[in-house]
């Protein structure tokens, strides 16, 4: 049936009444949990300072001009530089020089001087490592010695999680159209809780990776389906605002990670605490009804009528008879099931040279937005000062960014907001690169500005992409863009490791991509107050004409959801 007829339901029972508010905040609360797990690895995989463990009991420790009896007392003087070494004398008289990834035994055991030019034998760290536990009692890195030649195991933790995010969006997006939104919300949330707890009790690195991978699939599945669920319960007048501000609850998850990391310094307890945030939703998700849209699409009209009646009762509005709405459909009989939507291929996004160029530009913006979003967040712990405060501020700054999008896109236009956000992000990335490393307060402020602008761009690109394509491929365009964006989230943690090549390499990469994306966005058409198109011919005609017609941005979200929700997602 027509989406315009479905909107008559909300005209009757309310677009965003008490019932929708109740459901919205239940669903949005679980977004906090998803935001938590997406960034939990910031502290899970902390790699503290370390040195090889000597092959015996230590009787004396010498480090530069510091002499002590315990190795744990030298960390205040120890720096990250590879030149640092620790000199220890064992109880059997052997003298060893210890470094981060290697140890040397002096042949001359009578020389306890820090400087030594005699013969010494080299040995690997077969007895494990000694870690600085002043900040974290244990992390995944210290649990399984993911340092030195095993360092790359630690670096794979976040990329493998993000690959699970990519896979989960595909799996659960498909299931939600066949099994229903409610069942998938319940299943994915239960998975988030169970796999989150399981990750805390894993017995080795590989089981930890598997648990986190399944956790990512579940969390991603929830984010995909909850967007569809919310847009199918909220009327046109509030749909854009409600969907964009789902991002804000994801940002609250970032803040929770920072606060939990500050108070809990043991990784498996930290993981359990973060996973427990899902419990309230799991306990009350049984109260969530199936959406009338999905019930109607499956011919379950009686069940859909019950949900609509409940909505009207909560909102204290007049009941809406579904049979009357369905009779308005041009197909005639209410008993007819909706016709199948014709499937389209990715090649249709390259319909001609102009559309192909548009698609590539939008894919670049999706990639840049997601890459920048996670790069600013993950890199915040390396800016100096309190890493917990830095990450907390990176979450706080997202909320006004989404407010800017909501207020600005209907006043100055989608393209103008997007250009401003991308170019501003590029400028702030450049500013970060010229700030001296010791000025960590200014580095944090500049990084917050960068996160603000890239967050605004990422919050807008979903809607803007949907408005740039005709109905027949709109969901395909949004789904493909979201997939490219997730590739950016996989690359982001690897981008952070480039700081070992040059400390500002992540900012250089993000800034360059943001600059190129911002400039290329000038080539895209403005969609403010332009009607949605249904065919390629209408799209070409609309792009070539300057005529502005009255429309509402909320229609985009409605049409994308009704047409093919399995391809649409609001996924980080």
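Cβ coordinates come from backbone N, Cα and C, glycine included.
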From the ranges 183-203, 309-329, 330-350, 540-560, grab the one TrEMBL calls transmembrane segment.
183-203
Stated TrEMBL location of transmembrane segment, expressed as one of 116-136, 242-262:
242-262
For the transmembrane segment (388-405), could you work out the same-chain residues 6 or more beyond its ends whose Cβ comes under 8 Å from its Cβ atoms?
35, 39, 42, 244-245, 247-248, 250-255, 257-259, 261-262, 376-377, 380-381, 417, 444, 447-449, 451-453, 455-456, 459-460
Spatial neighbours of the transmembrane segment (505-524) far in sequence, C-beta under 8 Å, 6+ residues away:
357-358, 361-362, 364-365, 367-368, 371-372, 375-376, 379, 415, 418-419, 421-423, 425-430, 432-433, 450, 454, 468, 495-496, 498-499
Please figure out which one of 156-176, 183-203, 242-262, 476-499 racks up the most CB pairs under 8 Å against the transmembrane segment (209-230).
156-176
The transmembrane segment (441-464) touching the transmembrane segment (21-40) per 3+ Cβ pairs under 8 Å rule:
no
Counting a contact as 3 or more Cβ pairs under 8 Å, with residues at least 6 apart in sequence, do the transmembrane segment (360-376) and the transmembrane segment (183-203) touch?
no
Apart from its near flanks, which chain residues at least 6 from the ends of the transmembrane segment (183-203) lie with a Cβ under 8 angstroms of it?
27, 30, 33-34, 37, 168, 172, 175-176, 211-212, 214-215, 217-219, 221-222, 225-226, 229, 268-269, 271-272, 274-275, 278-279, 281-282, 285-286, 288
